[in-house]
Amino acid sequence: MHVNGKVALVTGAAQGIGRAFAEALLLKGAKVALVDWNLEAGVKCKAALDEQFEPQKTLFIQCDVADQEQLRDTFRKVVDHFGKLDILVNNAGVNNEKNWEKTLQINLVSVISGTYLGLDYMSKQNGGEGGININMSSLAGLMPVAQQPVYCASKHGIVGFTRSAAMAANLMNSGVRLNAICPGFVDTPILKSIEKEENMGKYIEYMGPIKDMMKYYGILDPSMIANGLITLIEDDALNGAIMKITTSKGIHFQDYDTTPFHMKMQ
């Protein structure tokens, strides 16, 4: 898919990886709906992007993605404003082992809800033109993490859901592709949250190994994750792909064993 002229919706767009996604999409000629619960950060983000791009290229909507009604209303506003939806990026996420219900609601449930809402608007079965859905996971979605069991579970859930939903979308001839991104440590506010007891709870005492891993593996810049996003959008052959991004190997993909049964549905 060529990005130029397309309409994208990015959750968690006010800062970090989400903001890098928005800027990368705008540079490619897309119109972008900036969705974030943080009103102050969202307004500042749009103002900064307006200095670089035409103001009509972006729309900021304050939304708590964990609130189903707010999320549904946000999709409606985006389509009413821009006329369509071509690219959906479910990026909003948190790290909170203390309030683990919140972590699951934002990191996993809202991604599933957002994906289904995106399919409602983009699927050819519903009169849409097709499109692409990118869900943000993590390397923690591919391996165990002792200090972040709930965060880890939420990211594993995204990987399993995305791969399965991609097969389903293809089976139904929806015209929508679904992929996920699993980066290593990225320089974002979430990374800083691992140092706070209010986020980590009882696991705060055991963060030494995580900090050692950060020093060993290094920390990615959000712009590198944005490069991965553009790759997943522009390569029409990628559906159900799980992209890994690390400082040592850059952009690469997770390999999975497949059966003839799975091959028929891909």
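Keep in mind that glycine also has a Cβ here, set from the backbone N, Cα and C atoms.
Residues annotated as NAD(+) binding site in Swiss-Prot, with similarity to another entry given as evidence: 12-20, 36-37, 63-65, Asn91, 151-155, 186-188. Per Swiss-Prot, the feature substrate binding site maps to Ser138, Gln148; the stated evidence is similarity to another entry. Residues or ranges marked as active site, proton acceptor by Swiss-Prot on the basis of sequence analysis: Tyr151.
Cβ neighbour count for Tyr151 (NAD(+) binding site) (all protein chains, 10 Å cutoff from its Cβ): 28. There are 15 other CB atoms within 10 A of the CB of Asp187 (NAD(+) binding site), with all protein chains counted. The two recorded residues Asp64 (NAD(+) binding site) and Ser138 (substrate binding site) have their Cα atoms spaced 21 Å from each other. DSSP assigns Asp36 (NAD(+) binding site) to a strand in the three-state reduction. Residue pair Asp36 (NAD(+) binding site) / Ser138 (substrate binding site) shows a Cα separation of 20 Å. Secondary structure at Gly12 (NAD(+) binding site), taken from DSSP and collapsed to helix, strand or coil, is coil. Sequence-distant neighbours of Gly18 (NAD(+) binding site): residues of the same chain at least 6 apart with a C-beta under 8 Å from its C-beta are Val10, Thr11, Gly12, Asp36, Val89, Asn91, Ala92.
Annotated pair Gln148 (substrate binding site) and Gln15 (NAD(+) binding site), C-alpha to C-alpha distance, rounded: 22 Å. The Cβ of Ser138 (substrate binding site) lies under 8 Å from the Cβ of Tyr151, Lys155, Cys182, Pro183, each of which sits 6+ residues away along the same chain.
Summary for the binding-site residues Gln15, Gln148, Ser154: the Cβ-based neighbour count within 10 Å is maximal at Ser154.
Highest Cβ count within 10 Å among the binding-site residues Asp36, Asp64: Asp36.
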